[in-house]
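Data first, discussion second: the structure below is written as C-alpha cells.
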Amino acid sequence: MRPNDRAADQVRPIKITRNYTAYAEGSVLVEFGNTKVLCNATVEESVPRWLKGQGKGWVTAEYGMLPRATHSRTRREAANGKQGGRTMEIQRLIARSLRAVVDLEAMGEFMITVDCDVIQADGGTRTASISGASVAMADAFQHLVDSGKLKANPMKGHVAAVSVGILGEDVLCDLEYVEDSAADTDMNVVMTEEGKMIEIQGTAEGEPFSHEQLLALLESAKKGISEIVAAQKAALAN
C-alpha cells in the first residue's frame, strides 16, 4: 500500500500558487505532496553573447536545495565553492525542457532565467521544478506581452514532468522519497502537453526491467503528466 493510500497511477496532491514573490516576472510555489519548490522566472532584455544580433531569445534555469530541505542539513554548495554534478545535471534538464516548448525566434532578444529552489524535498524535486517552472515562465512571457514588449506569448504549450518507478511488481507514478529509495527502477519522464517526449531518464537500480515494463512506465507517466498539465492550466486560468 502506498503512502496516503494512493493508487499506483495516481500523482500526489498538486498545488500551484502563482505570484508567490513580489519581484520576479513569474513566481510560482509548486507543491507535490510534501515536495515544495519555489520557481522564479526573471526577464532580462539581453541574450548570451553568442546569440547577440540573431533576433532570437534564450531560456535557461538554475536549481538548488535549501540546507534543510531534507531530513538532515546539507551544506550550501556556495560554501563549497562549486556546484555539484547532480545540481548541474538537473538545471540543464530543466532548461532543455523549457526551451522545448518555446519559439525562441518569436521571443526576440530576451532571456528568461528560471530559478528553482527546493524548499522541502520528498522525492521528485527535478520533475516538480520543471512543472512549476513552466507556469512561472508562462507568467513571465505574459508580462512581456502585457508590457507591449512582445506581440504574443511564444510558448507553444506546457511542459510537465513526473517520476515513475517499479517497486516489487508494481509500476508507481510520482514517487515519494520512501518509494524512490526502495524502487528497483527509477525513471523521470518529461513531456509536452500533447504527450510528446522531451526526455526520459531511467535506471534499473536493482532488477533489470523488461520492454513491457518500460511501456507500462511510460503509459503511467503519460497519465500523470496529463493530470499535471490540467493543474497548470487551472492555475493559469485563475
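Even glycines carry a Cβ here, placed using N, Cα and C.
Keep in mind it's a predicted model, so treat the numbers as computed, not measured.
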Q. Out of ARG86, ARG99, which does Swiss-Prot tie to the same phosphate site as GLY124, THR125, ARG126?
A. ARG86
**Q.** Fewest Cβ neighbours within 10 Å, where candidates are the binding-site residues ARG86, ARG126
**A.** ARG86
Q: Other than ARG86, GLY124, THR125, ARG126, which residues of the same chain sit close to phosphate? List them in sequence order, counting a residue when its Cβ is within 8 Å of the Cβ centroid of the site.
A: TYR63, ILE90, VAL118, ALA121, THR127, ALA128, SER129, ASN188
Q: Determine, from DSSP, whether GLY124 (phosphate binding site) sits in helix, strand or coil.
A: coil
Q) Under a criterion of Cβ-Cβ distance under 8 Å and sequence separation of at least 6, what residues of the same chain contact GLY124 (phosphate binding site)? A) PHE32, THR35, VAL162, SER163, ASP174, LEU175, GLU176, ASP180
